[in-house]
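J.: Could you have a look at this structure, given as structure tokens, before my questions?
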Amino acid sequence: MNPFESLPDAARPAQGTRPNRSDGPPPLPPLTIPGSTGRPQNPIFSPPPNLHHILPPGYLPQQQQQQQQQQQQQQQRSQQPFFSPPPPDAMSPPLGSHQAYLNSTSSQPTQRLPGISFQEPQRMPVQRSGPSRDSVKSYGDDKRSINDPNSSSTALTQVNSLDPESGFSAHNDTFRRKKSLVRPDRERMDPSHRQWYYRNHAAHMDVMAASGGRVGYMPSTTGHLPQHGAAPHGSGMAGIVGPGGGLSGLGVTGPTNVPPGGLGRAPPLRRGKSLLGRDEDQVETGINVLKRGVSLRRKQSKSGNKPSKEVPRDLGESKTSRIAPGPVGGWMIYCYILTICCPGPFLRIFGIRTPEQQRAWREKMGLIGIITLIMAAVGFLTFGFTQTVCGQQPDRYTLGTIDVGSMTFNGYDYSFDGFIHPQVGPFGADTIYNRTNPIYSEPWSSGGQDGSLLFQKIGAACTGIISNRAGGAQPERYFDCTLVRQDGKGGYANSTMPMCHTGSIVDQFNDGAQPRNSVLKKRGQVSLQWNNVTDPARNLAVYRGSVLDLNRLNNLTTGLSYPELYDTLKRRNDSWAGRDVTSAVMRQRLEREFQCLEQITRVGFIDSETIGCVASKVELYLSLVFIIGVVAIKFFMAVMFGWFISWRLGNYANETYEQRMKRAAEIEQWSDDIYRPAPAGYRPNARKHKSFLPAKSRFSVADPLSLKSGSRAPMPLSEKRMTRASRLGVASPLGGSPPGSPSVAGGRSSASLAPAHSRRSSFSGSPAEGAMGVCPFPLHNTIPQPGPDYRPFGFQLAHSICLVTAYSESFEGLRTTLDSLATTDYPNSHKLLLVIADGIVKGAGSDISTPDICLSMMKDLVIPAEEVEGNSYVAIADGYKRHNMCKIYAGFYDYDDETVERSKQQRVPMILVAKCGTPLEADSAKPGNRGKRDSQVLLMAFMQKVMFDERMTAFEYEFFNSIWRVTGVSPDNYEIVLCVDADTKVFPDSLSRMVACMVEDPEIMGLCGETKIANKSETWVTMIQVFEYYISHHQTKAFEACFGGVTCLPGCFSAYRIKAPKGPHGYWVPILANPDIVEHYSENVVDTLHKKNLLLLGEDRYLTTLMLKTFPKRKMMFVPQAVCKTIVPDTFRILLSQRRRWINSTVHNLFELVMVNDLCGTFCFSMRFVVFMELTGTLVLPAAIAFTLYVVVQAFLPNVPTPTIPLILLALILGLPGILIVVTSRKIAYVGWMLIYLLSLPIWNFVLPLYAYWHMDDFSWGATRVVQGENKKDNHGDADGKFDPSHIVMKRWAEFERERRWKSGTHSRDSTYDVVQRTGSPERAGSTRYSVVSSDTFHSSPFGQHDQFGRALPNAMSSSSASQFGPDVSEVSHSKSPSGARARLDAVPLLELPAPLATDAKHRSGASPTGTVVVPRPRATSPAPLPHNSGHPALGSVSAFSPTQHSAGRLPTLPGAATYEAYPHTDAADEERRPMIGSTSSSPDPEPRRYIGPDAGVRHGNVSTEQRYPTVSESAYPMQAYTAEPETDGSASPTPAQQGFNAANSNQQTRPLTRGFSLVDDGPVASAQGVRQVQRGARRSQMPNSAASPPPANRTGNLPPGAAPPSFD
């Protein structure tokens, strides 16, 4: 952010309007300014009656002239290539720009390359997919029929689209195919959309740009009460209304009484989300209206329609529930039902007293219930599912393998071991076979044979099927009683010895039952394979699972009657034999016949499985496939990452393999001890001057004011770097990444002091303009910024912030971390140490607080420490703790000679932000402590407000100035932030490698390095963590990095991209400073268990989750070449506390990631599925380790089947990491660490997860950070008291700066030194914060005496000088009035009242400029050439006859031509006395100073004080009651010179209206009674003879309420 330019509202194109192709769509209808009631009189473009802004230059009222001008422009465009930059005349030049000046003097201005900038880039034709915002806005305002071919609705469908990222429209025949059928522009935009807040920002600025300024500016759309939209309800676009009253993508507000959050579709605003507004009917900020345009909060009018029901001021306390505080939905009802047996009074007995604690406990029990259910489900799938669906399968014995100790009967195998035949028949007591076993006795030897024919069952299923031919009763038997061998052939048969059995024993054998009162044992079924059934030597068939031996039908006894089918079956028939005949039997209705066959011919059962058993096997193998697949893919992808990708990331030095191995060995040695310094070769030496004379560097600028035109040539195109961005076609056309800030043609925002074309850098002055602009504070001893060609590592540098969050660390820990960051090899000109001390706390055993420790490590403070005051900001807390205060100390890092040798002590800028708390918490144990997340949001929100120019607190204003004063770089130049914990030591080249990755690939939005353990062998607790750290990086993160989706960037060592370049036209996309990320990450209403675990314990991982959710197509990477070391817990108690926080936050963050639909991949082959498996695996860790131990123990038990598959799976899971170590790092020592880790698996997978789940409602940091006097019962984030926003004032940077300068006396209260330029162009043109007075604010007069600050002393100008320069010169000098007050510049007008407050508001409401302050021309009322010896009073230029006019870099003055210079020439002594000031005039047109023609207005920088409006005359602006005339003596008459001059020009035409400049956005503050958006009115134009119109004598009578009169003492 340029401290002298108005910050951009978004990364919007700035200059000119969007040119159309010659064959493009017809011109769209004009945009009616929201809130205006007038309609266009001209169908093409005509001003509404109540249009509160000045029409843009070149506006013609006649339609024919408009059409003629458009046709000329289209003919010029048709001669250009489509992708070529538009000609200067193809766009409406911004007011006050150099292009407008050229258009006024020359019909063919010199074409040049446009300046590329983040803030206000030269606008190329925007390439969109679908309708542009302008077309949509025109559609909203168009009242014509949809069928009208000239209506804007038709234009909506004809918008040309050429966005290669979003696909191409159908009529773009230059492309053969569309990239994607997904149309992001057709998404439903509601508050749940991942880019809801960011798109509202963009839409908000579109409305403001189209309205020529900040019409109806609302408070921040990402702050404490998001107000989505800028235009009032009913402005013509209200027909397309989205959630919250806002138009999806356009940001139109709804009715003022609609609750914020979106028409009931979003959760209502709860406690803590109230707007930082003021009381009703009071001014929004504390300064008076003379120093800012204000929006007054007015009550809703009682006339007209009856007002609707008001919104409660605090929606969070309007409703409460008996179940629990906070939101109550299905989840909370489930938790309450689950714990209904534990009412509140019962919980209070056990110390759970507050309703918030009881809610957290109930939610914890609900989660434990779900976790238990999931573990039970996993156990059921592992062990119980097979038993349930498959059951206990009977034992089966394959036919042909039955031993001699058993016999088969009707398909069942019976054991005859120990069987003694009863004493009947041949086995009688008096026979030789008494008490023998027939299976072993001759002649039977029936062992292994089929004895079914010995126990034939007569009747039953065969009744009526087989009968005697002669009739009568059932036959005695069907077959002869013989034995049958297993191959189906006959066995022993003796007709003389009866072998048939009758009685009950027959039924028992036929049914396969266990014989009663017998030693026979049923073993199981006899099974046959399908190859046995299809054997052509046998006649077998299968019916309902039973195998039938059809050959036995040949042995049927004679005299039996049976169906003819049996005659067919007893001979082998391919239609029946060898097949499953079940279906054929059912079709032919032969069930009875085959049931009889099953009774008499069954020999066994087909070897098959039930459907349940099949399902169990499918489940088993699918699980194996997924588990083994994921494990194997992770392993191979990690190997691929280690072999082919990891060494390329950040390898800017193109190291060889030997160099990489040497560096890895040095890092391993360095990581053994936390205090061991890195090898000296990696740490750069500090530069020392060898002479007492100052040495000038070609990169440094000792005095920014000494730069002259042509001091630096533009960077040659041959210096362009070939990055991934340029290869993809998104690089800057001038080379490198799109520049955003630094003032280098084609440079990044990193090259900050190199002057060129950019318009967003704080040092963005053009060398052509001769000097830098003015800075708000003098700069002393800042580190010079190198030029764009300075590439020490082969890539363009990017400004980076090294953020260190400190809480209760020791002195040694902080010194170690800051030493490592300060001695990194990254240039000090592009890095800033930022230490945020989270409260005034003392660590256990420490005598001084953490902020004091940090302050003791600083030197050369910009402001002495004793003079630093605390400033308020809105903290991330609840209750009164939302108000917090900070002290900002800016200086340089102070080394300790005992830790860093002098030769390595570089000069590094450092800022300390110490949270000191409010006076209410001065006596607490931790005043100012708000948590690490608050420290991160403090920086993120600040960067967002800087990028979007939103209202900021006093702390953020001081933070902005501190960064500027200590670095000389504006905060918006910073692109990367490195987050480091205060107990971490960074390897010297780690920052350079991280920045190299982000510069090379703009799609990377975050990355982390490898964290090594410095105390590996201290205790057994540290030893078990070594391999766990290693494998989490080189396997888990390496696998995720292959897809660019690392799900956890550790907070101890990670880098994030603040903003990313977008396209070749200088646009920037906020990443870390994105409104959606800041809005969700700064959630202060943490009232559910899920939110508390996300935001209070796992804030680092949640930030990664938010970035992946918001930007799922961007990359999160792991860079193993960037290394740090840290101290891990060395006692089990601390480890238990740490892992409790990590495990619980992991569970809740993985749940958030599972809900992201846009992660790469599809279904099972997606990162979302991998995340789901990780979430399930984390929840069932205790059950998994229990099952693992069960499988291992079972494998060693005898007589138990060995679980082969689970053992193989276990070996793969545990063994592959060891193989990974060997094949990637070749660090054999880690194999030993792996064995130690395997022995500690019960601790990692059972003890720690169970402890974490049971303490999920504990939100304290436990033993990890011990603070003196801390109450262990206090949970982090508890609400206490009520937040009072009246102590916090929020203003825009320009308002703070204006107030500071007024109070300090640097400028008069009405100075437009920091005025903000506004234009009426639909696309905001030009830069924003330009000075319209002389940039040399301390040298208003070119002659005379000056004080020590460079200010002109009273009466310093001699009369001769005054007469030489004409009557106007005396008006410019900063002389003092008799009362001692400094007189203000005559050429600088006063601010005026807002339009609705002025007495003549109704007369000028039709065409007055909205919120403008006019910069008048010189006293001459004619555009005739000025006298050659007169200078512009507002610029304080030197006379044409100045003795210094022919100095270096200055052009001679021709007669009749007025000249100017941005900075008057001064000698060296003046420059030394004068405070160093940096640039602010980031001009898009860096041409050298030239002669100004007689018809041109005087131009300063790129702000022209004259613009012509052919259709607007001064007569349209009547006299005003409150004027803004320069201060003159009302009784004084015009001097003779004036009279003569006015008389000479009395016949000249009336001077065109001077263009005004809007100071600030002044938007209303939301209230329960609605908001009436107040617009600032315009001052009237000056009359032809301004000298004849003195201002009223009473200068205070017309001041608005609350405004302080000017001081005259």
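Backbone N, Cα and C define each Cβ position, glycine as well.
The compositional bias 'Polar residues' annotation in Swiss-Prot covers 34-44, 100-111, 147-163, 1502-1514, 1530-1552. Annotation comment: Swiss-Prot describes 61-82, 253-267, 742-752, 1568-1588 as compositional bias 'Low complexity'. The feature compositional bias 'Basic and acidic residues' is assigned by Swiss-Prot to 134-146, 307-320. Annotated N-linked glycosylation site per Swiss-Prot: Asn654, Asn1015, Asn1144, in sequence order, evidence recorded as sequence analysis. Here Swiss-Prot flags 1-188, 248-280, 294-320, 729-767, 1354-1381, 1399-1609 as region 'Disordered'. Residues annotated as topological domain 'Extracellular' in Swiss-Prot, with a curator's inference given as evidence: 348-364, 646-1176, 1224-1227. Among the features that Swiss-Prot reports, transmembrane segment is placed at 327-347, 365-385, 625-645, 1177-1197, 1203-1223, 1228-1248.
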J.: Given the transmembrane segment (625-645), which of the listed stretches 327-347, 365-385, 1177-1197, 1203-1223, 1228-1248 has the most Cβ pairs that are under 8 Å apart from it?
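T.: Answer, by Cβ pair count: 1203-1223.
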J.: Six or more residues out from either end of the topological domain 'Extracellular' (1224-1227), which same-chain residues have a Cβ under 8 Å from its Cβ atoms?
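T.: Sequence-remote neighbours of the topological domain 'Extracellular' (1224-1227) are 638-639, 642-643, 664, 668, 1034.
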J.: Should anything in the same chain at least six residues away from the transmembrane segment (327-347) have a Cβ under 8 Å from its Cβ atoms, list it; otherwise answer none.
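T.: 267, 270, 321, 353, 355, 358-359, 361-363, 365-366, 369, 1087-1088.
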J.: Quick one: DSSP breakdown of the topological domain 'Extracellular' (1224-1227) into helix, strand and coil?
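T.: The composition, in the requested order, is 2 helix, 0 strand, 2 coil.
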J.: Return the residue, from the listed glycosylation sites Asn654, Asn1015, Asn1144, with the maximum count of other C-beta atoms within 10 angstroms of its C-beta.
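T.: Ranked by Cβ atoms within 10 Å, first place goes to Asn1144.
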J.: Is Asn1144 (N-linked glycosylation site) helix, strand or coil when read with DSSP?
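T.: Asn1144 (N-linked glycosylation site) sits in a helix per DSSP.
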J.: Looking only at the topological domain 'Extracellular' (348-364), what is the mean pLDDT?
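T.: 92, rounded to a whole number.
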J.: What stretch in 365-385, 1203-1223, 1228-1248 has the biggest tally of Cβ pairs under 8 Å against the transmembrane segment (1177-1197)?
T.: 365-385
J.: Would you mind splitting the topological domain 'Extracellular' (348-364) into helix, strand and coil residue counts from DSSP?
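T.: Counts, helix then strand then coil: 12 helix, 0 strand, 5 coil.
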J.: Fill in the CA-CA distance, Asn654 (N-linked glycosylation site) to Asn1144 (N-linked glycosylation site), as an integer in Å.
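T.: Cα-Cα distance, Asn654 (N-linked glycosylation site) to Asn1144 (N-linked glycosylation site): 41 Å.
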J.: If you measure Asn1144 (N-linked glycosylation site) to Asn1015 (N-linked glycosylation site) at Cα, how many Å is it?
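T.: The separation of the Cα atoms works out to 26 Å.
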J.: Going along the chain, which residues at least six beyond the ends of the topological domain 'Extracellular' (348-364) come within the CB cut-off of under 8 Å?
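T.: Residues 324-326, 331-332, 335-336, 338-339, 1087-1090, 1092, 1256-1257, 1259, 1275, 1278-1279 contact the topological domain 'Extracellular' (348-364) from elsewhere in the chain.
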J.: Which three-state DSSP class does Asn1015 (N-linked glycosylation site) fall into?
T.: coil
J.: Could you tell me which three-state DSSP class Asn654 (N-linked glycosylation site) falls into?
T.: coil
